[in-house]
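Here the structure comes first, spelled out in structure tokens, and everything after it is commentary.
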Amino acid sequence: MINKFKNFVSNYQQSNHYKEPLGFGIARVDIAPISKKILCATYPVLNWKDENLGSYAVFCNSLSKEKILKESASERVIEIDESFVLKALDFYTPFLNEAYSNKMAHKNIQVVLELLKALEENRLKNSDGESLYRLVILYEDKPCESVESAYMKLLALSLGKAPLRSLNLEGIFNQLSNAAWSGNKPYELEWLRMNEVALKMRDHFPSIDFIDKFPRYLMQLIPEFDNIRLLDSSKTRFGAYLGTGGYTQMPGASYVNFNAGAMGVCMNEGRISSSVVVGAGTDIGGGASVLGVLSGGNNNPISIGKNCLLGANSVTGISLGDGCIVDAGVAILAGSVIEIEENEFKKLLEVNSALEKHANNLYKGKELSGKNGVHFRSNSQNGKLIAFRSVKKIELNQNLH
């Protein structure tokens, strides 16, 4: 039977109507009662690029064309109905025994088995007859055309399936609706206003945690590595990436926006703005800010290299190479004027061959962007910004990571 399944997949992939996916998965959606907009789309399993193309063949051959809710060259959203569930299970017959006995096996089958339970318990649709489960297929990385595709891209970033800054997130703010979040549930703001009196009189008014277009990171996924620590769930937005283990985020002034994050072991007590990528081994001190691209006119995404130290309350508006230090309270922006003495310039030139010498020893911050081994400091006697070759080795406390 397994060979029959393989032949089915192979034949489908060679057919004229086969279209290779960038990503696909089944999502459960939350629908606003008044506007009917999608407030949230939750994917228990995300298949990215060439992952699980057998399940892609199953899903595409189980859907009903009349159930297509949205279709374009770049994405497709299809309603899950009874026919889809039963057809998919029939295709999956060779693997069902293993899936029933091991919940960690065949994750896409596990999703369909949960859909079967929803079918049996009459939960495929809400009380208004609207489908709560959708098959979502992303074909091309184009601007987001639906909430479902926006959530798929954010999840791909958070899981590390797509590198930070690699996906087209244009239009994402227009697709997502501002909602009141209580626990993992989004509430339509207009619905809350309309029903405020009744909800409060019956003591059913939800405890609202926050209002935003984005859910929090921990509301959508479990970190893949056990040594990732988030001490305050409100400080990390969905769409952030926290690396391959050892990331620690302290409470207080720390924050990570979507499409930003750390690549590995990192101590973060500061703010990692949108599109910022932080290298492994870097320590971001309390209240330190790394500027992003969402506002303020900065269109150049910032990267922080490996084994850097951003001191408390520092501001970094340029990219840093490996082994850099920005002292506490120091602001380094693209237009900042920084003095480098001639002997220190020679030391920096040893690790930055492209560095160009200025006769007056003054350099703009943007000229030092991405350079390795630079230590930025404010001269306490005259207030000048200075830079010199960093000789301090940045080592994180291994017991904390």
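If you go along the chain as it appears here, the first residue is 1 and each next one adds 1.
Glycine too: its Cβ is placed from the backbone N, Cα and C atoms.
Per Swiss-Prot, the feature active site, acyl-anhydride intermediate maps to Glu269; the stated evidence is sequence analysis. According to Swiss-Prot, the feature succinyl-CoA binding site maps to Arg271, Gly286, Ser289, Ala312, Asp327, Ala328, Gly335, Lys364.
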| Using the residues the record lists for succinyl-CoA (Arg271, Gly286, Ser289, Ala312, Asp327, Ala328, Gly335, Lys364), what whole-number Å value is the largest Cα to Cα distance? | 26
| message | Among Arg271, Lys364, the binding-site residues in question, whose Cβ has the most other Cβ atoms within 10 Å in this structure? | response | Arg271
| query | For Glu269 (active site, acyl-anhydride intermediate), which residues of its chain lie six or more apart in sequence with Cβ-Cβ distance below 8 Å? | reply | Gln249, Met250, Gly252, Ala253, Ser254, Ile284, Gly285, Gly286, Gly287, Ala288, Ala312
| remark: Across Gly286, Gly335, listed as binding-site residues, the smallest other-CB tally within 10 A is for Gly335
| request: Using DSSP reduced to three states, classify Arg271 (succinyl-CoA binding site) as helix, strand or coil. | output: strand
